[in-house]
Amino acid sequence: MPLFDLKSPYPPAGDQPQAIEALTKSLKNNNHYQTLVGVTGSGKTYTMANIIAQTNKPALIMSHNKTLCAQLYSEFKAFFPHNRVEYFISHFDYYQPESYIPRRDLFIEKDSSINDDLERLRLSATTSLLGYDDVIVIASVSANYGLGNPEEYLKVMEKIKVGEKRAYKSFLLKLVEMGYSRNEVVFDRGSFRATGECVDIFPAYNDAEFIRIEFFGDEIERIAVFDALEKNEIKRLDSVMLYAASQFAVGSERLNLAIKSIEDELALRLKFFKEQDKMLEYNRLKQRTEHDLEMISATGVCKGIENYARHFTGKAPNETPFCLFDYLGIFEREFLVIVDESHVSLPQFGGMYAGDMSRKSVLVEYGFRLPSALDNRPLKFDEFIHKNCQFLFVSATPNKLELELSKKNVAEQIIRPTGLLDPKFEVRDSDKQVQDLFDEIKLVVARGERVLITTLTKKMAEELCKYYAEWGLKARYMHSEIDAIERNHIIRSLRLKEFDILIGINLLREGLDLPEVSLVAIMDADKEGFLRSETSLIQTMGRAARNANGKVLLYAKKITQSMQKAFEITSYRRAKQEEFNKIHNITPKTVTRALEEELKLRDDEIRIAKALKKDKMPKSEREKIIKELDKKMRECTKNLDFEEAMRLRDEIAQLRTL
């Protein structure tokens, strides 16, 4: 029986049918690795969706940054509205890991800020994987970091049935063991409240509904689901599955084993420091670890509990830690891993382990942590790439690694469903690049189209932006210090024609889906290096491939080897696309992609609240607006529009102070 229900108004077109068929066949033949080489705008995401639907396996889609993850999440939610599409990225808004600098004798405490919504989405992903098969998880590099033991997580979950016998007090204790906290005042995610014989539980993985369990003596009489905002009953249930409030939750038996294991390791390490006559490290480790043990014994958690993860999961020293892959592969289930933009993602995954190990080794050496802290780590690259699953690498410019691993299992997707061609390109002398480009920009802007310019330095981007602004052009620049939310805002503003020219350094390559852009300019294209490599040039040139007037200008004094290879590949693709269009009588058309409604207009609720004199508003009216804003805020959070959600949250807070 099919697991996935793929919805799309269009059938596969261009090169999509043959790519879907070839890669699905390869996967069904149990090949471990395969690669999709797909040009920009060829519909790689739709091809991925079709492959998932046809292979009928849970899937993990990994990307190298949060912006692309959010984009993929939105697209797959639309493709699979009736399936469980989940989102799993880092839950930290801010993260400063603990570290020690010996030469300065400086210990830096861990400092972090957890995003409650991202934490909920992570929990939703793991609970879906443990309860269902029709799951697609969109994940960042976070998928490679350690999690709790999924089998222990299953032991902690509870199935609650109407009519079953349960002692009321022991049920409350079980909720605490599952990581829920009792709070009669602030009732939100991961908490419960008990009044009389009624227990309300707010699941940690759901912010829209809470569960009410009604007892009659020691028997469960009624189970109901309530809307968290309206507080009205949605439905009654005969039974409900309740999952733990944390991925690291363990039962009391495992907790006691972990405490004993930590104590044993501490004794061995203290003996080592004593024999080495390192009494400073001895006392430091003894004090810190014994304090943590007291907290774990009393509450089940402590600050930095992740450093003891190996003891809680039951793993041996140096053994591969549990991670999201183990939740996908629970019950020996087969699953598919798709690595999007693999030419960037795989090198990023490969560099994670070394940096983490370097920092923690110093902490262990100087007595800040037990050696087991080294086992709370991301996967090594070999562990990742040899996971017991199937891999599909997706990129317009795959590296040698992907192609070697995939051998003959490589599919090309060069023909676009829209008939669009790879852009024309032209090399011009870099001596007068600024003025020459100025003349080209005026022509593009006059047509109502946009321009992307990539430079080698932040300073040049700033100066170029300032220069063109002085000449009356609307330009902005983007650099690495701009966060993801502001980056999205800039891209949206470009599409809305609030400005016409976007200038950047390394931010214009992957994932920019901008059909309004018809001109891409690459300054100093002959300066060999990472930013002007064959891969980077092809990716950057591809940004002009979503517009029928797409054109690339490369400013240089000479043609480098990287430029020559990029030109050969682009010319090969363009020739193949032109031939296909001629045979099938296709006229290239610019991609049309609707701007999201919320980008054009502020929410009506916000405008109303701001227009009214809130301090004179009747309380009942104010409460009504708060309720509407709160509902909208939750919808924005669910759609990963955190910027709008934060704005709504602030509006609600302001109204509540009146």
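Even glycines carry a Cβ here, placed using N, Cα and C.
What Swiss-Prot records for this protein:
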BINDING   Gly38, Val39, Thr40, Gly41, Ser42, Gly43, Lys44, Thr45  ATP binding site
DOMAIN    25-414  domain 'Helicase ATP-binding'
DOMAIN    433-607  domain 'Helicase C-terminal'
DOMAIN    623-658  domain 'UVR'
MOTIF     91-114  motif 'Beta-hairpin'
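Shown on the structure are the features that Swiss-Prot records.
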| residue | record | Cβ within 10 Å |
| --- | --- | --- |
| Gly38 | ATP binding site | 24 |
| Val39 | ATP binding site | 28 |
| Thr40 | ATP binding site | 24 |
| Gly41 | ATP binding site | 24 |
| Ser42 | ATP binding site | 29 |
| Gly43 | ATP binding site | 23 |
| Lys44 | ATP binding site | 22 |
| Thr45 | ATP binding site | 19 |
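Across the range of the motif 'Beta-hairpin' (91-114), the DSSP-based residue counts are 3 helix, 15 strand, 6 coil.
Cβ atoms within 8 Å of the centroid of the Cβ atoms of Gly38, Val39, Thr40, Gly41, Ser42, Gly43, Lys44, Thr45 (the ATP site) belong to the same-chain residues Thr47, Ala396, Gln413, Arg416, site residues excluded.
In the three-state DSSP assignment, the secondary structure recorded for Lys44 (ATP binding site) is helix. Mean model confidence for the domain 'Helicase ATP-binding' (25-414) is a pLDDT of 93.
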